[in-house]
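Quick look at what TrEMBL lists:
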BINDING   Gly43, Val46, Asn50, Asn274, Leu402  Na(+) binding site
COMPBIAS  9-22  compositional bias 'Low complexity'
COMPBIAS  600-609  compositional bias 'Acidic residues'
REGION    1-22  region 'Disordered'
REGION    592-642  region 'Disordered'
TRANSMEM  67-86  transmembrane segment
TRANSMEM  107-134  transmembrane segment
TRANSMEM  167-185  transmembrane segment
TRANSMEM  194-215  transmembrane segment
TRANSMEM  235-256  transmembrane segment
TRANSMEM  268-289  transmembrane segment
TRANSMEM  390-409  transmembrane segment
TRANSMEM  430-448  transmembrane segment
TRANSMEM  468-489  transmembrane segment
TRANSMEM  510-532  transmembrane segment
TRANSMEM  552-574  transmembrane segment
Amino acid sequence: MEKSKPDLELGSPGESSLGLLPTEPPARPAWSSKAQYILAQVGFSVGLGNVWRFPYLCHQNGGGAFLLLYLLLLFVIGIPLFFLELAAGQSIRQGSIGVWKHISPRLAGIGFASCVVCSFVALYYNVIIAWSLFYLGHSFHSPTTYFWYREALDVSDSISDGGGLDLTLTGCLLGAWSLVCVAMIRGIKSSGKVLYFSSLFPYVVLLCFLIRGLLLDGAADGIRVMFTPKVWRQAATQVFFALGLGFGSIIAYSSYNPRGNDCHCDALLVAAINFLTSVLATLVVFAVLGFRANILTQTCVVRNTEQLSWLLGNKSIPGLELSLGNLSEFSPSTYSAWYQGIPAGLGMKLKEYGIIECRVEEEMNKGVEGTGLAFIAFTETMTLFPASPFWSVLFFFMLLNLGLSTMLGNMQGILTPLMDNFAPLRRRRTLFTVLSCTLGFLLGLVFVQHSGSYFVAMFDDYSATLPLVAVVACEAVAVAWVYGAERFLSDIEDMLGWRPWKLYSYMWRYGSVLAMLCLLLASLVNLCLGHPTYQAWDRAEAAKTKLPYPPWAMATLVSLIVVAVLPIPALYLCQLLREWLARRGGCPSLEGTLPVANKEEEEEEESPADPELPANGYLPVKTEDPPEGGEEARATLLGGSN
């Protein structure tokens, strides 16, 4: 990497380091294989959002046009930022706190903010895993909307009505945290083995559902709706969240790589797998929901034709005439064509009797947002399958594995940077992991009370969006403007043996920063101009309704955002104060407050990789650096040089 040169020396202790790589890099555990590392990154980035958020946004915001726009923004914004985090973690070989502290002690708050956001997400994300466990153990009833709100959640009328704990969901939450704790108990050594199954199994299930879904009546209608062009929105936001940027998990995972690893190829590979998985999941969802919409449309036509027959027999509506023969032979397309051709006045009269238009597109829009897609719409469709219990178990077991692989990444984004920078935590890795999971379970109890689903929606919508955008914007500024984009590319060239494209420099300096600032501004405007609402369940009407958040909930919402972002300015100002006091001889700099392990401590640290495997290009970096230079470094990845 970049060597210490007189013309690069910086006078202030708060300015960036001379190069990304320390002169004497600490010994660090390594992945047992490249496949394990790729599965870890894929498992973290491919999560529950690929199954329900991406299909919903695809349908609502442009269909096929949204896919093209998403792909464009993935190359322009997503991959450069993903590559930035991979390269930073791999070169400095620290978690998020250590990486940004190394670039500049004033920027240590970026890493702490990532840990806070990861903690918020982990609290509610594991509740969704608990819901999946609950559904695995229950048969499904129709209508599933009622089952979801009254049986699964036993939800209260509003967020203000806590209603006490749901003991069944509390047990499921305990089971979910136990799974995470067991998987994380020995770091990546144990979680890496879990990821072999939890990352690959969902693809088997998705392919099974795709084949089964394409054989259903109405599947073609659903896929046609998917590719219908409409006005696009939120593509940039989805690109940003799909790759898991800003959590610190990407940095943590890549920090266990050898420095000669081709992180640029990894960035392209993981981003491509993530995109293709989203497309695969969208095809599955729309094929299955097309079958559901087709059945609901046929039911709507039958119900309306029966009502029309009664109206014709009683001559209740003057001027109502039908010359299409037997009403029972109405197909959805015939009925829709007839309904669209009636006069507006007659249409208003018919609506008074509950006779409305029956269209597949309208049925596709019902219950396809967020958790409702998986736990209501998709579940309702599976009850119509032959051997429906088998497909239900398969689907929710897939959700369990998708959630678990992402949850392991979230926990790694919390534990790795803290253990890297605080030696007492590192020496007690197992105890720290168990206590973290225990604390997560206790704090997560708020999500399994009868109003818990409303808190899940609040955290999902607001606890991570603004803070993560702020974190990634600061990351881009730190690398592109504080450290220097060209210097960063030079460091990567020394690390990989070749210089990445000049385009990355422009994207980091201008494109990424501007994109993050625009997203941050748009999120702030949306929060300030529109009063946030949530979807509640009205017990009296047995129907969903929109309610505004009460004042105390708004205060909680704002507090979550402030607490997550606060470490960035707070530690920046703290470091400025320390530098000022240091110049006056009164206080050391922040670098002294974040302990770095000495050599003996690192050698005693429990390896999160599998130390029993033979040398495979990864384990040697635990005690020594791979050779500098392109061909030699690449040869090391294959198990040794020629």
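Using the three backbone atoms N, Cα and C, a Cβ is placed for every residue, glycine included.
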Task = Starting from the Na(+) site formed by Gly43, Val46, Asn50, Asn274, Leu402, give every other residue of that chain whose CB sits within 8 Å of the mean position of their CB atoms, in sequence order.
result = Val42, Phe44, Ser45, Gly47, Ser199, Pro202, Thr277, Ser405, Thr406
Inquiry  = I'd like to know which of the binding-site residues Val46, Asn50 has the most other Cβ atoms within 10 Å of its Cβ.
reply    = Val46
Request  = Take a look at 67-86, 167-185, 268-289 and tell me which one has the most Cβ pairs under 8 Å to the transmembrane segment (468-489).
outcome  = 67-86
Ask   = At an 8 Å Cβ cut-off, counting only pairs 6 or more apart in sequence, do the transmembrane segment (268-289) and the transmembrane segment (390-409) clear the bar of 3 or more pairs?
value = no
Positions on the same chain near the transmembrane segment (194-215), where near means CB under 8 A and six or more residues out = 36, 39-40, 42-43, 46, 183, 277, 280-281, 283-284, 287-288, 291, 385, 391, 394-395, 397-398, 401-402, 404-405, 408
Note = Within the same chain, the residues at least 6 apart in sequence whose Cβ is under 8 angstroms from that of Gly43 (Na(+) binding site) are Leu195, Ser198, Ser199, Ser405, Thr406, Leu408, Gly409
CB contact flag for the transmembrane segment (235-256) and the transmembrane segment (552-574), at least three pairs under 8 A = no
Key: Nonlocal neighbours by CB distance (under 8 Å) for Asn274 (Na(+) binding site), same chain, sequence gap 6 or more   = Val42, Ser45, Val46, Asn50, Ala242, Leu243
All-chain count of other Cβ atoms within 10 Å of Leu402 (Na(+) binding site) = 28
Ask   = What same-chain residues lie close to the transmembrane segment (430-448): Cβ under 8 Å, and 6 or more beyond its ends?
value = 122-124, 126-127, 130, 165-166, 169-170, 172-174, 177-178, 180-181, 184-187, 411, 414-415, 418-419, 455-456, 606
